[in-house]
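Notes follow once the structure below has been shown.
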């Protein structure tokens, strides 16, 4: 059975230097060399082929499975769901359109049934109309009869008046003619009697002739009257005048008998009274008979005109077949095109949206595939870099690896971006956390689902609003056309019944109209008017004949004839014209019904049909509740979209809530907690135990005056004045020194820490390392002053202050370099009091003034220093050029036993630097110059403090060996060569935090990266690890007690460097600040 071979370690061919020895220990551990770096050649050996090897599965997903899973990425799932919703809405819209058309047809069928009822409406309208028509017609017949009777009565009176006028005129004419003539004759006889006798003969003959003529006239008149009275069977006889012989007149005078005869004739003329009575009877009898006949006729006609002669429409239109036929007629061509057009527009809108969503889905999937490939490549390169760094540094950080695996792209590209927008490491760390929070799959899925869904629904609503506006604009014309169609069809359905009814009614009215014209007006016109006209004409003819017979041939004929025409002839002529007009217009025209008598008017039909048409296609007024089935269709589609938009809006609101929560967390951890605690006056509890602000009895702005401030280091380095005891440590508990390469450091640059190029060698920059150390020590008072005044260069504490608490050892320094890292309570600097309550500006100003004033020793301090110098004595324990021992005060100079000084007012005193570097143990059995153990060994060996002599302020000790303090930098041995950095062309840093910002100046940070070579007065790292030691007169051995290699420098360089340090100006002067 063969076991799979473990895959060989992959070697990047770009990192192989051809023609160079193999990288084996110890060369692989060295990064510093006096020679320049060996250049890379373009030659790269080919990598071994792996085509024949079988690649087994890994416990992680490779690129192909990741690309396969992008089909169901959280970015694509919302689009797939949205497409499914669009398809479902499209199908539901089509089905809804079909159901709405069915609803319209059903409504039309209901309208047909209603129209069938409307079709029967003429029957009931005809019945009511018949009643009113009968009543009106009967009243008209009675009124016409009454009018005729009144007219006949009037005509009768007028005819009587005319006949009486004619009669009286005739009698007056006769009276005038006969009596006048007789009067003339009588007068003439009397005249003739007085005349000559001879003329009597002629007179007698004339008289006889005249009498004969008069007899003829009378007889003629009587004959004419008798012709008139024959109508009433009346005959008038007038005797004739006898013609006398008048023989006696011959030769006789006129006798009186002639005159008497004339007078008798005159008195015997007729008066025509009988004629008047006969004329009245002739006229009155026919008129009375005519009035009676008209009256009876009108009553009989009015009574016979009733509902029996008028027909009404039948109820046969209520049958089912008629309703079905009417439904087919009304609904066969009903306009439902607007519903179809709207459904097609919605379907087209949904199809376009679905197509665009599919296209967008494909594009996003392609982008996700490219993104996944890029993320996989970046993660693979990052893992390779992390593996190389772990192999080189021997450290690991699993949480950094988690961040890389979760968000490799953020880890790769966020460092540069965050470095531009945020200068504080804590802010960059918080922003990196915020980006990881937002890039979590849950947040991403929620964002993409809500955002894509909301935008797609909103775009559809915008298009739907345009479609809705178009549908509303065309609704008015559709409603008008539908209403006109329905009105026309409804009127056509009722027109037949109305036509039948109107025809039957008009026929009945025509029959009665004929009866009225023939029976009422016909008898009167034919009987009365014509007869009366004939009678008048005949009467006037007879009168003329009588006048002609009486006065014809006489001088009175023409005047009498003219007189008769004026009085009687013109009246008879006008009466004839009147009777002729009555005969021509003696008829009536009764009103008839039109064919649409039973149809509703257009306004009424519109009132009936408009709500039905509006229910089918909408009223077109744009109202929310009156859009008809088209509005229902659009509202259904719109309501479904609005519900989905609300759902996606809620999801987007949830994502915004999560965004605000994450932003609040970032703000809270970026200074919000400290500001909140400061406002409440409560100290922040976020600092680690033992690193919070101390409970000091002095004001906070005077804290730097205590014996724990690095200002005393500068004074001790410039003016050495003996020793005073440090604070008593009653009990000591060993504090483990943690690994200086702590990978979980919050202020670490990235998941791997790129070293500075100067840190590769044991000394870095040979000419400037000590200078930078001294600059860092001199900058410490300025830093403290800025902290004191409430201003600080950075709010980030150094890793040496926060993460590397060293074990306290005995020292005679006023301020030990281990004090900042002590696990015991200490006065907190401004960097550790960021969350404490800020002082008022008055306190700040007063503290700053007092702090500047305290930079310089007071007069009492200078006098005390002078007295101390005079009190010093030389002993054999002294060394160096001065041979001045330390001024001792029993119980105060040495640490040990139970001697603890009482609390004193903080005053500046001069002390030496840390005595652990080089000191002389006077009471040790192992010799004058015993070897001082490291701190860890001193703590484990029950180290007892021993008195030592302080050394002068000389950088060149007199011993060839001495105590070496372990380095507190990120590497155990500052002289050990570090592995080479990764090539720049392979990858860039995945950092999201820029280079570490300490609370000290820029020079102090640079010194911390160069093996920890700093000034003894610096409180951050150890200077003594690289302290030069005298070996011979011309050489100085450096780093004797280190495990790594060693190096030497010329003594002249050391002396020159020390001389530069001595000649350096006051660190508190302006020149020094300009030099920085």
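In case you wondered, yes, glycine gets a Cβ from its N, Cα and C as well.
Taken from Swiss-Prot, the feature topological domain 'Extracellular' applies to 1-66 (among others), supported by similarity to another entry.
The annotation region 'Disordered' is assigned in Swiss-Prot to 1-31 (among others).
Annotation source Swiss-Prot lists transmembrane segment at 67-87 (among others), citing sequence analysis. When Cβ-Cβ distances below 8 Å are used as the criterion, the transmembrane segment (67-87) is approached by residues 61, 350, 353-354, 357-358, 360-361, 364-365, 368-369, 372-373, 441, 444-445, 448-450, 452-453, 456-457, 460, 644 of the same chain, each at least six residues removed from its ends.
In the predicted model, the topological domain 'Cytoplasmic' (88-138) shows an average pLDDT of 70. Residues or ranges marked as topological domain 'Cytoplasmic' by Swiss-Prot: 88-138 (among others).
Residues or ranges marked as transmembrane segment by Swiss-Prot: 139-159 (among others).
According to Swiss-Prot, the feature topological domain 'Extracellular' maps to 160-350 (among others).
Mapped onto three states, the DSSP output places residue 235 (N-linked glycosylation site) in coil. Applying an 8 A CB threshold to same-chain residues 6+ apart, the list for residue 235 (N-linked glycosylation site) reads 226, 229. Under the heading N-linked glycosylation site, Swiss-Prot lists 235 (among others), citing sequence analysis as support.
For 251 (among others), the entry in Swiss-Prot reads N-linked glycosylation site, with the evidence type sequence analysis.
Marked as N-linked glycosylation site by Swiss-Prot: 266 (among others).
The annotation N-linked glycosylation site is assigned in Swiss-Prot to 295 (among others). Over all protein chains present, the Cβ of residue 295 (N-linked glycosylation site) has 17 other Cβ atoms lying within 10 Å.
In three-state terms derived from DSSP, residue 306 (N-linked glycosylation site) belongs to neither a helical nor a strand segment and is classed as coil. In sequence order, 134 are the residues of the chain that are 6 or more apart from residue 306 (N-linked glycosylation site) and have a CB within less than 8 Å of its CB. The N-linked glycosylation site annotation in Swiss-Prot covers 306 (among others), and the record cites sequence analysis as its basis.
The transmembrane segment annotation in Swiss-Prot covers 351-371 (among others).
Residues or ranges marked as topological domain 'Cytoplasmic' in Swiss-Prot (evidence: similarity to another entry): 372-432 (among others).
For 433-455 (among others), the entry in Swiss-Prot reads transmembrane segment, with the evidence type sequence analysis.
Positions annotated as topological domain 'Extracellular' by Swiss-Prot, on the basis of similarity to another entry: 456-646 (among others).
Residues or ranges marked as N-linked glycosylation site by Swiss-Prot on the basis of sequence analysis: 476 (among others).
When the C-alpha distances from residue 602 (N-linked glycosylation site) to the glycosylation sites 295, 533, 548 are tabulated, the minimum falls on 295.
Residue 496 (N-linked glycosylation site) is 73 Å away from residue 548 (N-linked glycosylation site) when you measure Cα to Cα. There are 19 other CB atoms within 10 A of the CB of residue 533 (N-linked glycosylation site), with all protein chains counted. Comparing Cβ neighbour counts within 10 Å across the glycosylation sites 496, 548, 602, the minimum falls on 602.
Between the CA atoms of residue 295 (N-linked glycosylation site) and residue 533 (N-linked glycosylation site) there is a gap of 23 Å, rounded to the nearest whole number.
Residue 533 (N-linked glycosylation site) sits 51 Å from residue 496 (N-linked glycosylation site), counting Cα to Cα.
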